[in-house]
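> I grabbed these lines from TrEMBL:
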TRANSMEM  63-82  transmembrane segment
BINDING   ASP231  Mn(2+) binding site
SITE      GLU266  site 'Interaction with galactose moiety of substrate glycoprotein'
ACT_SITE  GLU330  active site, proton donor/acceptor
Amino acid sequence: MASIRRTLSPLYHDRPFDNGGAPFSPSSISSRTSKHNSSQFLSFLTATTDPKSSRRSPWRRPFYQFLAFFLIGFLLGMTPFGQIDDVNGTDRSNFEIKPPNNVKREEVGVDGVSFVAEEKKKEDFDLVVPRKLVIVVTPTYNRAMQGYYLNRVAQTLRLVDPPVLWIVVEGNAASFETSEILRKTGVMYRHLVCKRNMTSIKDRGVHQRNTALEHIELHKLDGIVYFADDDNVYSLELFESLREIRRFGTWPVAMLAPSKNKAILEGPVCNGSQVIGWHTNEKSKRLRRFHVDMSGFAFNSTILWDPKRWKRPFTHPTRQLDTVREGFQETTFIEQVVADESDMEGVPSACSRILNWHLHLDALDVPYPQGWVMQKNLEAVITVR
């Protein structure tokens, strides 16, 4: 009789079973489940400490670093490093609103009723006061020395603190040469043209200045107007002193006589800033009311377009007159601006300094070079060998 031997099923020697339980018995399944859970917990713990396992979760290390720095910053922010001295000795728990230190409190009694009056102290800082606009009016015309004169005045105005407006007035038409000079000066300017026919007019500067006055009145420019001829010499102190003028300011001017053999001083005699007399050396001009040169006074521009502010008696526009004889244009114009010396201000105080010079240095019978360029070479006196 043949016998059949059943082969035994393989045993899992590496898996111990409690109480010899079968692999798929309930007891073995529960034990394996508990062991699997414990192995997952151990793997989690090793993942947090094992650097190799941290590579599998890259967000954890930045999270812990952020948490650590946050705690450090929070602790540093809550730590007091200094001590605040309570000068007034007030209670920190008291929420009473008190005035700042620059307010003075004092008790005042009126009719038996006392109240607290507060007076604010002046701040110890300088207020920024805007500078007055200096409006410089310069009549000019084409001649041999024009380029030299305009450049000299322009270089002086460049050194004056802004704001400065230079109004240059030409006759009949604006020349290319003058426009080219003004563009290169770096000074704020306005180039005007007087439309009057200058051929039959003896003093062209009168109508050129009136053109500038009409422009100031039309646009209501607010500043100090000063007539600065291009052939005069000016100091920087003069333009800085103009901003101190309230209504009308005047000062002495040193002039070179037409004969060029003596100097003449013309202008006010002052006691402080009060005008008490006049300097004059010419007998023919003693009939003038005010002995002032055209470059020896300045005035507030609001006189031109706001006469009610200054209570001017004249209703017609303030202009220079071409009907008076030479030398009287200044006094007839000033008589329209002020009533007498009480409305004038001496600049600077005591009128003790000469701030500008009136020279007569025009070169006669010299041709005017078009475009300031010589069309042909000059005749050489000494030739180069």
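Cβ coordinates come from backbone N, Cα and C, glycine included.
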> What is the Cβ neighbour count of the residue listed as 'Mn(2+) binding site' at a 10 Å cut-off, with all protein chains included?
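That number is 19.
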> Provide, as an integer number of angstrom, the distance between the C-alpha atoms of the residue listed as 'Mn(2+) binding site' and GLU266 (site 'Interaction with galactose moiety of substrate glycoprotein').
17
> Ranking the recorded positions GLU266, GLU330 by other Cβ atoms within 10 Å, which is at the bottom?
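Result for the recorded positions GLU266, GLU330: minimum number of other Cβ atoms within 10 Å at GLU266.
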> Would you kindly give the Cα-Cα distance separating the residue listed as 'active site, proton donor/acceptor' and GLU266 (site 'Interaction with galactose moiety of substrate glycoprotein'), rounded to the nearest Å?
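So the Cα of the residue listed as 'active site, proton donor/acceptor' lies 12 Å away from that of GLU266 (site 'Interaction with galactose moiety of substrate glycoprotein').
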